[in-house]
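Engineer: In case it helps, TrEMBL gives these features for our protein:
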ACT_SITE  Cys334  active site, proton donor
DOMAIN    17-361  domain 'Orn/DAP/Arg decarboxylase 2 C-terminal'
DOMAIN    37-270  domain 'Orn/DAP/Arg decarboxylase 2 N-terminal'
MOD_RES   Lys48  N6-(pyridoxal phosphate)lysine
Amino acid sequence: MFSNKDITQFAELETPFYYYDLALLQQTLESCAEAAKVHGFHVHYAMKANFNDTLLDSIKSTGFGADCVSGNEVKKAIERGFNRQQIVFAGVGKSDKEINEALDENIFCFNVESVQELEVINALAGKKNKVAKVAVRINPNVDAHTHHNITTGLDENKFGVNAWDLPACAEVLKKSPFLEFIGIHFHIGSQITNLEVYKNLCLRVNEFAAWFEDRGFIVRMLNVGGGLGIDYHNPEQQIPDFKAYFKIFGDFLEKRANQEVHFELGRALVGQCSSLISKVLYVKNGKKKNFIILDAGMTELMRPALYQAYHQIENISKQSSAATVKYDVVGPICESTDCFGKEVLLQESERGDLIAIRSTGAYGEVMSSHYNLRENVRVTFSK
Ligand code: LLP
C-alpha cells in the first residue's frame, strides 16, 4: 500500500520510474544479517540482481560481500568500497582480460566453472607470479523446482563442473602451483520458494565436500549460492523468512570446524523494496478485452515478457474504490510479449492514473534496455 504522501510525490515526477523504499531495504538487510549471524554464515550480495549505487552503499554498510559475474561488476564493487577480501568472481565465461584485472585487484576468490578455466587462471596467475584462490563450482544435479529459465543446477545446464569431470578437476588443482583451492561452490537456481530443495542441496554439498577431503584437499569454504525466492503474489509480505532459510543449512550441512559457509543472495535482499511506477496513457475498451496501455514497457521491466513472470499490478490513483474491471495491462513497445499482466482485476482506470508494478527491485532496473530507442530508465528514492 502506498501512502497519500507517496502518491503526491509520484504525481510530480516524470513516469515511468523505479521507486526504491530505502527503509524497507535497510530492514531486509538487517533481518538477513541477524539471521546469518546466528550460524556464523557469510553473505555476499549477488550484484547482478541490482547494481544501483544507492542500494550497493546500503548493502556494503551492512557488512555483506559482493558476488560479481563480470569484470565490470568487480570494478563496481571496488569502486563502491566493498572489501576486496569479500569479493568473489563467478561466471561461466570469464574473459582473459577480466581474469587479469581481478588478479590485479587481489579479490578473495574465483568461482571456477570448468576444468579448462582452472588451467587458464593458473597460466594467467603464473605470468603475474601470483596465486589465485579458487573454489570449484559444482553442478550438483539438484532440481530447484523453479521456472526452467532460471534453473541452473541440472546436468543439462551450462553452469559448473559436472560430477564426472571432478577427477580431472582434482588433477589440475594438484599440479597447478598458481592455484590455491579453498572450497566448493553451488548455485542451483533462482526464485526458490520450496525450502525442501535446499535440504537436498545440503546433502549433495556434504557428499562433494567428502569427495574432495578423501583426495587430500582441505575444504575451507562451502559456498551454497543464492536463490531464495520472494512472494510476488503478496508484496506486502516484504521480508523473506531468512531465519527458516539459514536454519536448513545450519541443520543439514556437515560443517567442519573452521569451515566457512558462504551465501550469494540477490533477489531476497532487494526484490521487495521497489515498484515500477507508470502512468496510464490510454484505455481501450474492446468487445472481448479491455486494455490499459502504460508508458512503461518491457524495456523498463523485462521479466514478464521474458519469463512470463508475475508481478502484482495496482492502480494507486484509485486505491479507495473497488476493483471491478479486467484489463490486459500492456506497454508501448512494438512486441506482443510487451504485456505486464492479462485479465488483471483493477479499479475502472483512466488516462493519467498511476499504476504500480510491485516487487521490481531484483532483475528490474538492471535488465532494462534501449530497444525502440527508449530513454534511460529513471529512478527515485523514498524521502
Ligand atoms: N549466485 C549465482 C552463481 C547466480 O547465478 C545467481 C543468479 C545468484 C547467486 C543470485 O540468485 P538470487 O538470490 O537472486 O536468486 N533474471 C532472472 C534471475 C536470474 C538469476 C541468475 N543468477 C529473473 O529475473 O528471475
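Backbone N, Cα and C atoms are what each Cβ position is placed from, and that goes for glycine too.
Map the listed features onto the structure and describe their local environment.
Structural biologist: Secondary structure at Cys334 (active site, proton donor), taken from DSSP and collapsed to helix, strand or coil, is coil.
Looking at the domain 'Orn/DAP/Arg decarboxylase 2 C-terminal' (17-361) alone, the prediction's average pLDDT is 95.
Remark: Lys48 (N6-(pyridoxal phosphate)lysine) has Asp67, Val69, Glu73, Gly266, Tyr363, Val366 as non-local neighbours, by Cβ distance under 8 Å and separation of at least 6 in sequence.
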Engineer: Taking the Cβ of Cys334 (active site, proton donor) as the centre, how many other Cβ atoms fall within a 10 Å radius?
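Structural biologist: I get 9 for this one.
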